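Among the features that Swiss-Prot reports, xanthine binding site is placed at L20, N27, K156. If you look up Swiss-Prot, you'll see A128, N129, G130, Q131, A132 marked as 5-phospho-alpha-D-ribose 1-diphosphate binding site.
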Amino acid sequence: MKVLQEKILNEGKVLSGDVLKVDAFLNHQIDPVLMQEIGKEFAKRFKEENITKIVTIESSGIAPAVMAALELGVKVIFARKRKSLTLQDNMYVANVYSFTKQETNEISLSRNHIDESDRVLIIDDFLANGQAALGLMSLVEQAGASIAGIGIVIEKAFQDGGKKLREQGVRVESLAEIASLGNGTVTFVQHETAEVK
């Protein structure tokens, strides 16, 4: 997605060989026009999948998930990382290790909002090692719902999360795939395009 790649190049900051800071438009300050375009792109890619619900994780996945849900005409449910006083019982639970924060979080979804009749699109801001996506998949599977695919805003293709998910037969659609963050520079995966005659 060209507009996203340009935003990453212009406003993203490479902090190390595996950390990209995008707090100027995605995971702290949010660019609503960009989020709207991201939502439209996810909706376009998954429009034939009969999605009934979008599942994401708090908090950075919420904005792109809501915009995609708006385009698809479905609801969003986000996995919580902390227990809520109003949501104590009747929860699906999974553990997710965060390499960025170096901690394990117990994530949860209410059983009241997802069930076996749902066809789910999982959306998240980043895909690196795949832990968040695997945790969200576990919650959806516990509910007996089917997974249509995973939509990722930015995939760190140099890490193994995307490969692991695809090897499991999961459809993963990433809007920006980063090949490397070496020397303080973002390099995107180049996809060959077929020439139309």
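Heads up, residue numbers simply count up from 1 along the chain you see.
Here the Cβ of each residue, glycine as well, is placed from N, Cα and C on the backbone.
With a cut-off of 8 Å between CB atoms and residues at least 6 apart in sequence, the same chain places D18, F99, T100, K156, Q159, G161 near A128 (5-phospho-alpha-D-ribose 1-diphosphate binding site), listed in sequence order. Under the DSSP three-state reduction, K156 (xanthine binding site) is assigned to strand.
Here G130 (5-phospho-alpha-D-ribose 1-diphosphate binding site) is positioned 18 angstrom away from N27 (xanthine binding site), judged by their C-alpha atoms. Site extent for xanthine: the farthest pair of Cα atoms among L20, N27, K156 sits 16 Å apart. Highlighted in sequence order, Y97, F99, L127, A133, L134, Q159, G161 have their Cβ within 8 Å of the centre of the Cβ atoms of A128, N129, G130, Q131, A132, the residues recorded for 5-phospho-alpha-D-ribose 1-diphosphate, and are not part of that set. Sequence-distant neighbours of Q131 (5-phospho-alpha-D-ribose 1-diphosphate binding site) (same chain, six or more apart, CB under 8 Å from its CB) are V96, Y97, S98, F99, G161, listed in sequence order. Straight-line distance linking the Cα atoms of L20 (xanthine binding site) and G130 (5-phospho-alpha-D-ribose 1-diphosphate binding site), rounded to a whole number, equals 16 Å. A 10 Å cutoff on Cβ-Cβ distances gives N129 (5-phospho-alpha-D-ribose 1-diphosphate binding site) a total of 19 other Cβ atoms nearby, all chains included. Annotation for the binding-site residues L20, A132: lowest Cβ count within 10 Å of the residue's own Cβ, L20. For the xanthine site, the Cβ centre of L20, N27, K156 serves as reference, and the other residues of the chain with Cβ at most 8 Å from it are G12, V19, K21, V22, L26, D125, F126, A128, I154, I178. Counting every protein chain shown, 23 other Cβ atoms lie within 10 Å of the Cβ of G130 (5-phospho-alpha-D-ribose 1-diphosphate binding site). Looking only at other Cβ atoms within 10 Å, the busiest spot among the binding-site residues N27, K156 turns out to be K156.
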